[in-house]
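Participant: Here's the feature list from TrEMBL:
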ACT_SITE  B:Asp7  active site
BINDING   B:Asp7, B:Asp141  Mg(2+) 1 binding site
ACT_SITE  B:Glu68  active site
BINDING   B:Glu68  Mg(2+) 2 binding site
ACT_SITE  B:Asp141  active site
2 protein chains.
Amino acid sequence: MRVMGVDPGLTRCGLGVVDGSTGRPLHMAAVGVLRTPAEDETAARLVLIERGIEEWLDTYRPDAVAVERVFSQHNIRTVMGTAQASAVAMLCAARRGLPVALHTPSEVKAAVTGSGRADKAQVGAMVTRLLRLDAPPRPADAADALALAICHIWRAPAHDRLSRARAAAYPGSGAPRPKGTIRS
Amino acid sequence: MRVMGVDPGLTRCGLGVVDGSTGRPLHMAAVGVLRTPAEDETAARLVLIERGIEEWLDTYRPDAVAVERVFSQHNIRTVMGTAQASAVAMLCAARRGLPVALHTPSEVKAAVTGSGRADKAQVGAMVTRLLRLDAPPRPADAADALALAICHIWRAPAHDRLSRARAAAYPGSGAPRPKGTIRS
C-alpha cells in the first residue's frame, strides 16, 4: 500500500509518501515541504496548501492519507494554524474518497523508534534507516511526514479491523448527507 | 454589499447572509445552520461542511465572507473542530477570490449591541431588531452568523482602508504562489 503522511502546518507542511506493507521493506516515493508566506492572510495560505496537497495526491495517488492529530498543549497561535492546515489535508483526501487516519505524535514516535517520547533526532535517524536513505530528510517536518506514513502502514491492519467493527456497530453512517436548512 | 457570515462548528455551522451598507437599513437574504453527524469521522464532516458552504456561495453569491475568529479559551475538543470548520469556510471563500474577514466574538457583540460582553440573548434581540425579523433566529449559531455579517458590513470601510495600507506596505504579497519541493 502507498501512504501519504502529512505533518500539517501553515508555515511548513511536511509531506511524505511511502510504499510498503507490514513485515516487508519500506520504500520512499517522495518527500517535501509546502511553505506559505507568513505575511499572507490565513485564507490565502489555506488555498496554497490545498493546491499543493492536490498536486501531491494527483502525482503520487496514495491509497490512504495519514495526518498528525493536533493537540493544543503548544503555543495557541501555532495550534490554530496546525488545526486549519490539517483540516485542508483531511478535506482533500476525504473528497477523493481516500481513507484518512489520524495518528498522535506519540503513536508515530512509538511506531518508528519504539518509544513514544523519542526526540526529533531519533525519529529522523530511524526514518533514515527504515527507508534506507543517505541522510535524514530536512526539515524535521519532512521526516515527520515520512514517520507518519510508516506508522500508518504498520498500524493499518489494526486500524482496518477497528473501522470495520465501527461500521458494523453504526450501520447507516457510511454515506453521510448534509443536513441544512435554508430560509429566504 | 452582500456579506455571508459563518459561525464555524463541526456539529452546527451557522450561516447568515445580509445585504446592506453603512448607514442604510439592513436586509436578511438567508439564514440557516449546517449540521454534520457527531458519529462521523472528522474528514467526512469537513467534506459535508465544504459542500454546504459551496451551495450557499453558489446560491447567494456574497461580495465578502466574514468568519468568527477562533480562540482556544474554551473546551479543547470544541476548539479544534471550530478551527477546522473555519478553515473550510475560509478556503471556500478565498478559492473563489472572495475577501475573507475574521472578527472576534467581542468585536461582533460590540458591533451589534454596543457591548463586547453582551450575552447570546442580547445579540439575538439586536439581530432581530436590526433585520426587522419576527423572532430571533434559532439556534443561536444562526443568529451569530447574521451578527457576524452585520459586524462586517459596518466595519468594512475601516477594514478596507487597513487592507490597502497593508498591500502598500507589502507590495509583492498580493499574488501568492505555492513554494514546494518534490524529491522522488
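Cβ atoms here come from the backbone N, Cα and C positions, even for glycine.
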Participant: Over all shown protein chains, what is the count of other CB atoms within 10 A of the CB belonging to B:Glu68 (active site)?
Facilitator: 27
Participant: Rounded to the nearest angstrom, how far is the Cα of B:Glu68 (active site) from the Cα of B:Asp141 (Mg(2+) 1 binding site)?
Facilitator: 11
Participant: Have a look around B:Asp141 (Mg(2+) 1 binding site) and count the other CB atoms within 10 A of its CB, chains all included.
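Facilitator: If we count other Cβ atoms within 10 Å of B:Asp141 (Mg(2+) 1 binding site), we arrive at 25.
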Participant: Reduced to three states, what secondary structure does DSSP give B:Glu68 (active site)?
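Facilitator: DSSP call for B:Glu68 (active site): strand.
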Participant: C-alpha of B:Asp7 (active site) to C-alpha of B:Glu68 (active site): distance in Å?
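Facilitator: B:Glu68 (active site) has its Cα 6 Å from the Cα of B:Asp7 (active site).
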Participant: When a 10 Å sphere is centred on the Cβ of B:Asp7 (active site), how many other Cβ atoms does it contain?
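Facilitator: Its Cβ has 29 other Cβ atoms within 10 Å.
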